[in-house]
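Trainee: Quick paste from TrEMBL:
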- 20-38: transmembrane segment (TRANSMEM)
- 59-110: region 'Disordered' (REGION)
- 84-95: compositional bias 'Low complexity' (COMPBIAS)
- 115-350: domain 'Sulfotransferase' (DOMAIN)
- 124: active site, for sulfotransferase activity (ACT_SITE)
- 124, 125, 126, 127, 128, 205, 213, 330, 331, 332, 333, 334: 3'-phosphoadenylyl sulfate binding site (BINDING)
- 313-325: disulfide bond (DISULFID)
């Protein structure tokens, strides 16, 4: 059998073999194309879920080897020099909460600053109520716990103290509360050294009632302590009060105030009446807001009187879905004290109260 020579010797390819080769080549190309498409879709799906920029793989202009020659797909999005192309809006997917976000899910803003105002006293006077009430104000951010920096932790330094504070904007006031500062001898000087412009809030209460409340709290933790009468007097028959007992000594307000007036003018100290805080919380908080130099945001609409606890609580607001009262430790029923003991203590505190009234220019009517 003779063969026609076309350029070079050898038998021509049969038609069926050429068809099989063409089909195999086409099948291989389709496989690469599908694989490339699936990979791209997988990356695109992840990009949508995680909120990352889209990226697409596609063939190079030459159309050769689709997988190897496809455009790079960066799961982290384009570089700063490579602006991303606008894309159609994807379905809303909740973004994961960032580590430094607040309750709304948005990143925390502001800076941690040393406090511009302090609630420095007094224990069992109503300091927690003032703190919780003033925290409702949008221009105030307050530390919820008592850091005891100027009495117990001063050696840790101001950087440590600042790290405890909430973040605040330039227009907001940073505030913290530690009632024991008022009776700490070193506290006024230490606060002055931090900032001589610090505003000081002192919540005071009838010193006899305050002492009984203080004792009631201690008794709830230590049921085996001596009686109130036994702790209050060195010699009750002679009327000798034991001023070394802290519950008695705290109520000698005029004595403690002397230490503060050595460093701060009276205009930088605001006194809140613990009694009026119960009967007229909006009025007392209005004066606190005036002292801090902020608008009167907290008004009557924020309070209701809780008959069970015996003091005002915060009403439900848009930001607080439930009414908020102070904890179970607040509003305890006081221990019953012999009326004669109360009268003796009133006489003891009378000269201190009068001097306190004269110094601060207010009559708190504790007699």
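Heads up, the Cβ atoms here are built off N, Cα and C, so glycines get one too.
Model, not experiment: these values are computed from the prediction.
For each feature listed, report its degree of burial, its nearest neighbours and the pertinent distances within the displayed model.
Mentor: Looking at the domain 'Sulfotransferase' (115-350) alone, the prediction's average pLDDT is 93.
If you draw a 10 Å sphere around the CB of residue 124 (active site, for sulfotransferase activity), it holds 23 other CB atoms from the protein chains shown.
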Trainee: What number of additional C-beta atoms lies within 10 angstroms of the C-beta atom of residue 333 (3'-phosphoadenylyl sulfate binding site)?
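Mentor: Cβ-Cβ neighbours of residue 333 (3'-phosphoadenylyl sulfate binding site) within 10 Å number 7.
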Trainee: Between residue 213 (3'-phosphoadenylyl sulfate binding site) and residue 124 (active site, for sulfotransferase activity), how far is it from one CA atom to the other, in Å?
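Mentor: Taking the Cα atoms only, residue 213 (3'-phosphoadenylyl sulfate binding site) lies 7 Å from residue 124 (active site, for sulfotransferase activity).
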Trainee: Report the nearest neighbour of residue 124 (active site, for sulfotransferase activity) in space among the recorded positions 313, 325, 333, comparing Cα positions.
Mentor: 333
Trainee: Tally every other Cβ atom lying within 10 Å of the Cβ atom of residue 325 (disulfide bond).
Mentor: 18
Trainee: To the nearest Å, how far is the Cα of residue 333 (3'-phosphoadenylyl sulfate binding site) from the Cα of residue 325 (disulfide bond)?
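Mentor: Computed Cα spacing between residue 333 (3'-phosphoadenylyl sulfate binding site) and residue 325 (disulfide bond) is 16 Å.
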Trainee: In angstrom units, rounded to an integer, how far apart are the Cα atoms of residue 126 (3'-phosphoadenylyl sulfate binding site) and residue 313 (disulfide bond)?
Mentor: 13
Trainee: Other than its own, how many Cβ atoms are within 10 Å of the Cβ belonging to residue 213 (3'-phosphoadenylyl sulfate binding site)?
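Mentor: Looking across every protein chain shown, the total is 22.
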